[in-house]
Amino acid sequence: MGQLLSLTWLLLVMVVTPWFTVAGANDSPEARRCSECHDNATCVLDGVVTTCSCQAGFTGDGLVCEDIDECATPWTHNCSNSICMNTLGSYECSCQDGFRLTPGLGCIDVNECTEQGLSNCHSLATCVNTEGSYSCVCPKGYRGDGWYCECSPGFCEPGLDCLPQGPSGKLVCQDPCNVYETLTEYWRSTDYGAGYSCDSDMHGWYRFTGQGGVRMAETCVPVLRCNTAAPMWLNGSHPSSREGIVSRTACAHWSDHCCLWSTEIQVKACPGGFYVYNLTEPPECNLAYCTDPSSVEGTCEECGVDEDCVSDNGRWRCQCKQDFNVTDVSLLEHRLECEANEIKISLSKCQLQSLGFMKVFMYLNDRQCSGFSERGERDWMSIVTPARDGPCGTVLRRNETHATYSNTLYLASEIIIRDINIRINFECSYPLDMKVSLKTSLQPMVSALNISLGGTGKFTVQMALFQNPTYTQPYQGPSVMLSTEAFLYVGTMLDGGDLSRFVLLMTNCYATPSSNSTDPVKYFIIQDRCPHTEDTTIQVTENGESSQARFSIQMFRFAGNSDLVYLHCEVYLCDTMSEQCKPTCSGTRYRSGNFIDQTRVLNLGPITRQGVQASVSKAASSNLGFLSIWLLLFLSATLTLMVH
């Protein structure tokens, strides 16, 4: 029995011992082969022993390895001035905003002020670098947070002013010699006569250029000069370039008081040899800033073809050439410009000087219209009159083809005249457009009526029938015979009086089968100022825009064996100052076309369909009788004065 028990223990030991050996091998880094090591472990073979060891940055027995979070504790990483970011088996140091990682130095501060594109400071601000960031500081005299800076008026450095810059209009200290508007009006010259200009919209820095002068007058200017009532002049001398911006008083002369009104302005002398002025609107109207015409001279660049450039005491100036001298007034070279709204006559200043006119007093029939100096290709003495009957003593003369405006230019070398009074007559002729063809025809088919405005003057309105779309060939005789394929060209014209304010408007134009303009059978061509849209042959060329109105339509006949067509147009003188005269026909009409004022109706006809004989003598007689109709329009007193 004892031997059997010993044998049992021996067998048990033989079976259990290998099991303990295998189990012990699995609990240590030793392995039977390297494939049993973890992916992040290193396998070492030492004879018969295989050892697994976790790599740096990992922890475990080699068979199992886990990542070590170096960022979890401060002593396991070296990111003292940066941000630690754990990675698999290691870590990285990421610099904070405003810092840059440098090998061996870690994170160091970035200077945003020296590296392009890193700061967003305003262009005028100063960038100040700080640890990990920066700040922006506006310059002295500016307000803002540094990202936006704007100057404060009165705080700019000497010689600069707070002015808007670019499209944004930001206020920036700038040199007004580089930022100004240019005033080129020749009428600002103290030589120019009276007018009604007022500088009520002046605000900012300006430079005077052109023939009127390049700087303000420094002495009291007589009233009714510079195209204004009360001329404004600089009460004080102009500054030198080293003085920078100076303040001066601008005075206005009126009622025998050279400084009845005044305003403060600023002046600066610029390096280019010119002045700029910080002007403000005058205290009253009509006041305007005046220039000294003698200030135009100064550089040889301005010399004309009739002048030489000479040096006088170190200053270059223009001097008249001897070749252009004349010995008789009749040889004076002149320049006459006939513009749409004004007439200008100019005389050679050099030739006037050669005749002894060191000073030139030039005026028209109305002495209020005086001459002025004007420099261009040549040096001229010029004078201007409106192309109208009345102003400056201008007289209108009219014939069948042209309207002619005439005046007389007077020349003197002194204010008073004792010996010779030099007079130069001049005139400009203007063609009368559509009216020419009517007045040159022997017997045009035309209807006319007279319109009086407040009893101050008469306007004549005519209506005529033309053969062509240019309205230059009127039909002649008491009647017209046309086929239904032909086109009628109808023109109405306003003649006489001052046409600068009123335009001709056709309010209703229609056709009837009889000469009676009140015939109940009417075919409207224009109704309530607008054309009949259903008739595509109607073309309104002009209406409510000028002194004439025109339309065309294809010939037609009335139903019911009626071969005669009569045209009738109700016309109206529209005041452009207070009314909308040009029709707008896309929407609501102006008024009902049922009522037509027969005292304002022009009549034409008869127009007979070709191939039909008709007695028209009675109709023509009736039509000619209409020429004596006068239409009275009662307007307000203000309008009457304007027309008068």
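Glycine residues also receive a Cβ, built from the backbone N, Cα and C atoms like all the rest.
Check Swiss-Prot against the ranges 124-132, 601-609, 619-627 and you find region 'External hydrophobic patch (EHP)' recorded for 601-609. The recorded disulfide partner of C581, taken from Swiss-Prot and restricted to C574, C585, is C574.
For C530, the disulfide partner recorded in Swiss-Prot among C428, C569, C585 is C585. Only one of C300, C303 is recorded by Swiss-Prot as the disulfide partner of C318: C303.
Out of C107, C113, C136, the record in Swiss-Prot bonds C121 through a disulfide to C136. Here the candidates are C149, C162, and Swiss-Prot names C162 as the disulfide partner of C151.
Ranking the disulfide-bonded residues C107, C156, C220, C350, C581 by the distance of their Cα atoms from the Cα of C93 (disulfide bond) places C107 first. In this structure, the C-alpha atom of C79 (disulfide bond) lies 80 angstrom from that of C259 (disulfide bond).
The highest number of surrounding Cβ atoms within 10 Å, among the disulfide-bonded residues C79, C107, C226, C369, is found at C226.
For N40 (N-linked glycosylation site), the spatially nearest entry among the recorded positions N235, N278, C318, C392 is N278, judged by CA separation.
Long-range C-beta contacts of C290 (disulfide bond), restricted to its own chain and to partners at least six residues apart, with a cutoff below 8 Å, comprise R188, S189, T190, M216, A217, V221, R225, C226, T228, P231, M232, W233. Not a single one of the recorded positions C95, C107, C258, N278, C338, C574 has a C-alpha within 10 angstroms of the C-alpha of C320 (disulfide bond).
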